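Input: one structure, supplied below.
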Amino acid sequence: MDLKDSLSKFKQQQERCQSSLASIAASTSKPKHRAQPVNAPSAPARPLQPIKFSNDTERLQHINSVRKSPVGAQIKLVIELLYKTRQAFTAEQINETTYVDIHGNKAVFDSLRNNPKVNYDGRRFSYKSKYDLKGKDQLLVLVRKYPEGLAVVEVKDAYPTVLEDLQVLKAAGEVWLLSNMDSQEDIVYPNDPKAKIKVDDDLKQLFREIELPRDMVDIEKELQKNGIKPMTNTAKRRAAAQINGVQPKAKPKKKQREITRRTKLTNAHLPELFKNLNP
């Protein structure tokens with residue numbers, strides 16, 4: 001018997017019980033013939049109160065909709081429960097919380113058992129992240145193992161407050177948190193205190209005196225010569241703009257201020273410079 005038939009049978013039982021109890025209440029409400037004194041006031045008749053039953057229809061309908069939903073939707077409900085709580089649940093506990101009947105649906109059980117984000121020990125299900133981390137200290141140890149950088153997406157589900165801990169480590173100067181322009185993902189790098197060196201002032205001055213090319217295309221070429229991939233492609237962007245008929249906006253030239261008789265002269269000690277003033 002499926003859930004829909006059970007619901008229909010439950011409604012029929014409620015209707016029969018309602019009818020039986022109403023008839024019993026009506027029979028007991030009839031006054032019995034008792035001797036009453038003459039002139040005794042008659043007691044007012046009590047109105048019949050309808051008997052109310054607990055209405056569980058909405059919950060049963062919700063259970064029915066969950067168990068008839070696609071396997072992927074049911075898996076999502078279970079994984080959300082495991083991710084938010086970070087606790088291990090038996091199939092019965094999952095059924096009580098999400099109404100997903102794991103034992104009653106083999107497809108759900110197989111998909112959940114083989115899901116890379118779910119750990120199953122033969123009795124209980126729990127959430128499984130790529131890295132088993134318990135806090136900020138373990139997170140820092142992991143980041144230091146990747147001097148070339150670690151994608152935040154690989155650790156953000158390790159435990160609920162991992163993103164907040166990354167910001168704390170960044171503020172403390174323990175890590176660098178940068179954005180990758182190509183993949184639009186954040187990368188965390190270890191800030192090794194051993195890598196800190198002191199640079200002489202002469203070397204700093206030499207670095208500042210290096211003249212960079214003025215055109216962005218030339219800068220990109222210099223980067224490529226040194227084995228560095230530029231984050232932009234100015235030549236390609238300009239070519240696309242010309243094909244689409246979009247001309248780069250020229251920077252407006254500043255209008256030179258003319259000197260007139262109303263101009264306040266600050267170099268009064270050089271009067272020969274202001275002999276020919278515009279009227």
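Even glycines carry a Cβ here, placed using N, Cα and C.
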Ranges 19-48, 169-198, 199-228: which does TrEMBL label region 'Disordered'?
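From TrEMBL, the annotated region 'Disordered' range turns out to be 19-48.
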As a test of reading the model: what is the averaged pLDDT for the domain 'TFIIE beta' (59-134)?
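Looking only at the domain 'TFIIE beta' (59-134), pLDDT averages out to 91.
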